[in-house]
């Protein structure tokens, strides 16, 4: 058996990636989220495949086909809710994974980090297009509002929006192409995840201390396979608890109303995992400025390795940076809350303040604190 594992071309590749992979001996449970993201992606692809067997991407039948899945298809309701809440779990793991990378300085592995940012954008695009498919009120108006943002691009904006729509409004052509893209993108995400792992295994994993662990490595299996299994069990228990007890907790009630182009919902908002970016978008009165702030709020991750002025990789021994980091986390929670509130005072002011703080911490306060901590090291 060992010979096959180490000699067969395909088995050898799997062996080097998941079995005999040398891993640092001190990585904590924060390193579990990579494998949990892989599990989430598998759940999404499998449940999505079964949903696609019964779904019809036509404006006249899309809403009723989702109803049919929930009412008439064997276990259709659980497949649908696993898929919808699986997306929420995906983003929870994704935010934890990125947060871990920021805290422990994993962004110094440039290729891995940059592929990760591309993955984040791809997952966000996939989730957005998936939200449009049930063709409820929030699906339709969410698609209209978000795609309309592209019209802020000078000269070519309006033409670009109509090209994406396939007409002069969000209609059948839009729904059909969104379904096609929503189906193909998870497989592209899986391929990008392989590249992400490929680059990670070039450098080896980071560890909480942020110093080289070359002198103290242990095999990935059985130590970290067992450790990951605990994360898997916790994730599945959380997901099934959500699906079986309160499947609509994270959804929007407006999406149970069929899409009506003549009736605008009182508050148009995306799914909870986009609310932080949506709050930043809304905090700027100018349309183009808002779009630039929205893109910058995520693209700013690409700047972080270049703004890293500290002499230590990890924040483990940098208390001032830790304070700023947790301020940033609190700020993101505030933005998420504001994104779900109506556009009126005091929410407008809170949103604008939180948006300024977000960019201020990442672009100015973090690099300056790093330099200060470098000075304190010499004391």
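Glycine is treated like the rest: Cβ placed from N, Cα and C.
Remember, predicted model here, so these are calculated numbers, not experimental data.
Given the ranges 33-53, 54-74, the record in Swiss-Prot names 33-53 as transmembrane segment. Feature transmembrane segment, per Swiss-Prot, maps to range 77-98 of the set 11-32, 77-98.
Using a cut-off of 8 Å between Cβ atoms, the transmembrane segment (226-246) and the transmembrane segment (320-340) share fewer than three residue pairs, counting only pairs 6 or more apart in sequence. Between the transmembrane segment (347-367) and the stretches 113-133, 178-198, 288-308, 320-340, the greatest number of Cβ pairs separated by less than 8 Å involves 320-340. Counted over residue pairs separated by six or more positions, the transmembrane segment (33-53) shares fewer than 3 Cβ pairs under 8 angstroms with the transmembrane segment (288-308), which leaves the two as not touching. The two recorded residues, residue 196 (heme b b566 binding site) and residue 182 (heme b b562 binding site), have Cα atoms 21 Å apart. Beyond the ends of the transmembrane segment (178-198), by six or more residues, the same chain brings 17, 37-38, 41, 44-45, 48, 52, 55, 57, 112, 115-116, 118-119, 122-123, 125-126, 129-130, 132-133, 143 to within a C-beta distance below 8 angstroms of the stretch. Nearest Cα neighbour of residue 97 (heme b b566 binding site) among the listed binding-site residues (83, 182, 201): 201.
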